[in-house]
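A.B. asks: Please see the structure below; I have some questions.
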Amino acid sequence: MEKFELHILGCGSALPTTRHFATSQVVNLRDKLFMIDCGEGAQMQLRKSRLKFSRLNHIFISHLHGDHCFGLMGLISTFGLLGRTAELHIHSPKGLEELLTPMLNFFCHTLAYKVIFHEFDTRQTSVVYEDRSMTVTTIPLQHRIPCCGFLFAEKARPNHIIRDMVDFYKVPVYELNRIKNGSDYVTPEGEVIANTRLTRPSDPPRKYAYCSDTIFRPEIVEQLSGVDLLFHEATFAESELARAKETYHTTAAQAARIALEAGVRQLVIGHFSARYEDESILLKEASAVFPNTILAKENLCISL
């Protein structure tokens, strides 16, 4: 299968700790890199991950709280020091361009590349990025400020040609694309060769969903249905349910309920409150609801 990986750069929340970096992730789809959130220290973690800076062209910011975007200026500046010339696209809720432009003009006025901002409405689902391989769609969340998650959906690939059968029936090269896309082949004698004899199915397309920060929000279950991997914030244990509601965050058990109801394959929980020196309590509570749960941790790489 083609590469589809999630790299956890940081999984902490607002208050810094010595255990975790602030929230940031990188999706690697066929060696194209897409960053999700860019907390403080993200570029250091990107270095540790051994991912190539030059392959990162799109950054998706969920909301404008500092623990999700304070790393942007440092990363943008470093790209300049590395001699970057390719455009950098930053997708975010309204307001980020207004905040960063004065700092870019002051600290990074000699950049040899363009930083292009794309704003989206967090209140509705919309496609914010698309290429031949993938779409990125927003997931409306509910936090103290406008916030959304992101659904990375691989596009279905054409069927694979069975070379021996194509050679046996002497299929012309110009017919191969049609056959890959599901057409039968008709021989010069008029015999219909079923597509199933000439091809085998491609691997099913994969999906990754990122949901942070949000209060418990069952409305997102339908959009998350059947995803291969779900990252959902789990800031608090169930004993802090009132605090979770007050701050518009989620407990580990609530994150697991979302995963269970959506029928996802695997759940990763993160965005841990600094109060937990040992997050095993969060894993225990989530696993009791959805057994296939793991804890996020720095430098973790998950293959879909």
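Glycine too: its Cβ is placed from the backbone N, Cα and C atoms.
Below are the features I grabbed from Swiss-Prot:
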ACT_SITE  Asp67  active site, proton acceptor
BINDING   His63, His65, His143, Asp213  Zn(2+) 1 binding site
BINDING   Asp67, His68, Asp213, His271  Zn(2+) 2 binding site
A.B. asks: With every protein chain in view, how many other Cβ atoms are within 10 Å of the Cβ of His271 (Zn(2+) 2 binding site)?
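C.D. replies: Around the Cβ of His271 (Zn(2+) 2 binding site), 29 other Cβ atoms lie within 10 Å.
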A.B. asks: Give me the Cα-Cα distance between His63 (Zn(2+) 1 binding site) and His271 (Zn(2+) 2 binding site), rounded to a whole Å.
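C.D. replies: That separation, Cα to Cα, works out to 14 Å.
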A.B. asks: About how far apart, in whole Å, are the alpha carbons (Cα) of His271 (Zn(2+) 2 binding site) and Asp213 (Zn(2+) 1 binding site)?
C.D. replies: 8
A.B. asks: Among the recorded positions Asp67, Asp213, whose Cβ has the fewest other Cβ atoms within 10 Å?
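C.D. replies: If we count Cβ atoms within 10 Å for the recorded positions Asp67, Asp213, the smallest count is at Asp67.
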A.B. asks: Tell me which residues of the chain lie with their Cβ under 8 angstroms from that of His68 (Zn(2+) 2 binding site), as long as they are six or more apart in sequence?
C.D. replies: Ala22, Thr23, Asp37, Cys38, Gly39, Ile61, Ser62, Ser212, Asp213
A.B. asks: For the binding-site residues His63, His143, work out the Cβ neighbour count at 10 Å and name the residue with the minimum.
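C.D. replies: Fewest other Cβ atoms within 10 Å, among the binding-site residues His63, His143, is found for His143.
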A.B. asks: For His65 (Zn(2+) 1 binding site), which residues of its chain lie six or more apart in sequence with Cβ-Cβ distance below 8 Å?
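C.D. replies: Ala14, Ile145, Asp213 - these are the non-local Cβ neighbours of His65 (Zn(2+) 1 binding site), listed in sequence order.
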A.B. asks: Taking 8 Å from the centroid of the Cβ atoms of Asp67, His68, Asp213, His271 as the cut-off, which other residues in that chain fall inside it around the Zn(2+) 2 site?
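C.D. replies: Same chain, not in Asp67, His68, Asp213, His271, Cβ within 8 Å: Ser13, Ala14, Ala22, Thr23, Asp37, Gly39, Ser62, His63, His65, Ser212, Glu233.
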A.B. asks: How long is the line from the C-alpha of His143 (Zn(2+) 1 binding site) to the C-alpha of Asp67 (active site, proton acceptor), rounded to the nearest angstrom?
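C.D. replies: His143 (Zn(2+) 1 binding site) and Asp67 (active site, proton acceptor) have their Cα atoms 14 Å apart.
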A.B. asks: Other than His63, His65, His143, Asp213, which residues of the same chain sit close to Zn(2+) 1? List them in sequence order, counting a residue when its Cβ is within 8 Å of the Cβ centroid of the site.
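C.D. replies: Neighbours found: Ser62, Leu64, His68, Leu141, Arg144, Ile145, Cys147, Ser212, Thr214, Tyr248.
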